[in-house]
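Asks: Just dropping this structure here.
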Amino acid sequence: MAVQTSVNSVYDDFDEEDGPTIFKRSKQTAKQSPLNSEVKKLSSQRHDGHSGRQVSDLPASNGQNSCLQKGKMVTSNKASPVKSPAAIPKASTSSVKASPEKSPIANPKTLNTLDGKAKHSAERNTPASVKEEKKSFAENGDSEDSEDDKPLSTRLKGNSNHTHKGLSKPAFTTSLPSVSKSIVKTCSEESDDEVPLSSRFPLKSNVGTSSSKPYNSGDKKPLGSTIHRNGSTLRDKQQKSSMLTGKRPLDKANSSEQSSVKKTKLSDTQTPMKIKQASVKAEQKADDDDHIPIAQRIKSSTSLNKSSFTKQKPLKVGSASFKKTTKMSKNAAKNSKYIKSTKMTPSSGDGQKKWTNLVHNGVIFPPPYKPHRVKMLYNGKPVDLTADQEEVATMYAVMKDTDYMQKDKFKENFWTDWRKLLGKNHVIQSLEKCDFTPIYDWCQQEKEKKKQMSTEEKKALKEDKLKQEEKYMWAIVDGVKEKVGNFRVEPPGLFRGRGEHPKMGKLKKRIRPSDITINIGKDAPIPECPIPGESWKEVRHDNTVTWLAFWNDPINPKEFKYVFLAASSTLKGQSDKEKYEKARMLKDYIENIRAAYTKNFTSKDVMKRQIAVATYLIDKLALRAGNEKDDDEADTVGCCTLKVENVKAVAPNTLEFNFLGKDSIRYENKVEVELPVYKAIIQFQAGKRGSDDLFDQLDTSKLNAHLKELMPGLTAKVFRTYNASITLDEMLNRETRNGDVAEKIVVYQHANKEVAIICNHQRSVSKSHSQQMSKLNEKISQLQSLLKELKTDLDRARKGKPPLKNADGKRRNLAPEAIEKKIAQTNVKIEKMERDMKTKEDLKTVALGTSKINYLDPRITVAWCKRHEVPIEKIFNKSLLAKFAWAMDVDPDFRF
DNA sequence: TCCCGGACTTGCAACAACATTA
DNA sequence: TAATGTTGTTGCAAGTCCGGGA
């Protein structure tokens, strides 16, 4: 149902800020979601006390309505083709369903004794994970030759040759005191901006649990000496093992090698496992830590029934970082009448209320197409096109320099769609005879013109754009002003699918208001449709979802494009935090999970065996789950969809993986696996063709259903988060030495790189890479020649002889001391350049950002920065600081 | 149990802005 | 000051996973 709107912008009177504020004052309204209650329960007990529990009982405030313009409300739920979830509150979730009663293993707290058989079985099958390699990473992790041509996944190796810049900022030695009380306000309420933040945010009372437990307590031994291995590859065998600490160790699954420590008891996977974790932990404590899996050694810091809820230390105030962030927060609060919150709005579970009041201005549309009237050629002759035809021709013309132009599918799809616009009787009958060069040239000229604009012109243009867009940039969620992520509707264009996408080149039609469904609070004014005379497709008031608007993807109408809040928003932050809490929870379960799947490698039940091997691969290699894909998508795979041809078994126990994963990024890896896994893979392949599914009995829903029996809320992707974060945590703590900030940053980058390699985060090599390398090489040679000359000069000067002419034909008449100084300087320059080159070469295909944004618990980074006095701004840029605002007040002792 | 709609996260590339160098 | 390189931001494609209904 179309909805007419007539309300002015609700933000007309906003006093805007420059950008997101990192630390916000809070307002809690939505109720705690029972969805992830298990996780949340843990989360609330385990760490920084910042999770908003203190305020979750506060009544929702509608106060903001008083200061917002209200418009005529037109609901259209009736007409909605889709049932509004809001109308049918969902009561439970899978996490809740996976209750401890159903699956005792799911909760270490419901520890039961095992029956004798299971106990015996569990003891026999204790995984190799209890064996740990003690080789330190430092021993063998560094300085290998460049491996650019190898996929990331095969490059699990150390390299500490990272460059760093000089650092001048004071150390990040303090953290914000956490917020313990919500500040429920309406926009008319008085702000306490004038009160120092430290006093505005009283100390937490329930912090210092697991997460804030000193990482070395009870585990004094350096982690580096007690590390597990995971995912080692053949090629980096020598240096492997040390870095992938909490991850599954490779091979040596021989139970005879296992620790004599009394292990956690397991049933088989059909029977829910019963864990006697607490007692196991106690017993293990007495033993040498070396034989205890990381997950258990750190357990004391995550123990659920831990009673030592210590009060968080008041933190030192004074670091530049602290002051900076605090200032930002204060300014933001001052400048806005809307509340900024550091607290998390609870409830991110499906079907649960995400917000009470939601106000926003809808979306902004791209400007209409302005015809340029440059004529393309057909058979060498200029052709007249209508504006619509010309628009699509221009989309194609600008693709000239891209790889898509080499792809027949792209051209074919474009031609099909463009031809529909041209009509059957158009003069243009064949794409081959088309010459788009005039249009391409015109576009290049326009680009150049834009480039040549003066700074003032550019600035004016930018300001103009900002002015137009400003009102769409913000939403008010329960009285808190939050940034909107993607408020711009996607412009029309040609679909640029990745890899060999069957739909590449198809026309993405222009999205109109009548394509867009708006989601907004019941009491909020409906956003005015920015295109006069048009109206929204529908307006909903569904507070169980977080999207503000959506439209159907023009390429695949079954799918949707959503407008969400920005990453820095409270809602996103809360869900981020829950994600990491879930991954931390896995730490408590991992040993038993590994034991369970290890046992099932040899199960008679094929499905069980496949689940076991798939889980092993997901755990060990950080593979993605691998959902089924339609024929109209690129042919990529994940773990469950691996084909027989993607895995080659090489005797005695090596598997060679070679497949296209997400975004058609190749995953290539040679891995030594436990013998039962190797044998199982051979069995799964037997009698199948290369294109057949390796795991024919398995799909992601079966796998995840099984994982949920082992831990509430556990899915395949949690392993990736877990393995990434624990790797960072352990590498940072193993490798950070006393040194300057620059050296510490190198350690961080090194750890970050390892995670990126584990996750196979790749990037394409920049076009100018080889050119840049040649330049650097050239400079190094020049410096080396200079060095040679200087040495000759020095030699002669010491003997009292006059200097020879240098390459420029000039003489350097310097005292020996001065020459020595110059030699030293040149050496430093050469070293730095060589280091830069190595880093550049090393990282040319590694994307560090993805893991930082999505997989590494920011609390690890923040706590490490605090412990080692590294300014957080050296690691997180402005966006990440905003995104991870919720993590900033973590205790310095936090360990993942 | 399977299928599919729906909602959300993850991921890379392109572009823009800023910094450094010649 | 322009050219070049680096870092940050945005765009949007491509995943994961959940829940409801047949």
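Keep in mind that glycine also has a Cβ here, set from the backbone N, Cα and C atoms.
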Asks: Ranges A:298-326, A:443-471: which does TrEMBL label coiled coil?
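Replies: In TrEMBL, the coiled coil feature sits at A:443-471.
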Asks: Taking the Cβ of A:Tyr855 (active site, O-(3'-phospho-DNA)-tyrosine intermediate) as the centre, how many other Cβ atoms fall within a 10 Å radius?
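Replies: Summing over all protein chains shown, A:Tyr855 (active site, O-(3'-phospho-DNA)-tyrosine intermediate) has 25 other Cβ atoms within 10 Å.
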Asks: Secondary structure at A:Tyr855 (active site, O-(3'-phospho-DNA)-tyrosine intermediate) (DSSP, helix/strand/coil)?
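Replies: Note: A:Tyr855 (active site, O-(3'-phospho-DNA)-tyrosine intermediate) is coil by DSSP, not helix or strand.
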Asks: For the coiled coil (A:443-471), provide the mean pLDDT of the predicted model.
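Replies: Average per-residue pLDDT within the coiled coil (A:443-471): 86.
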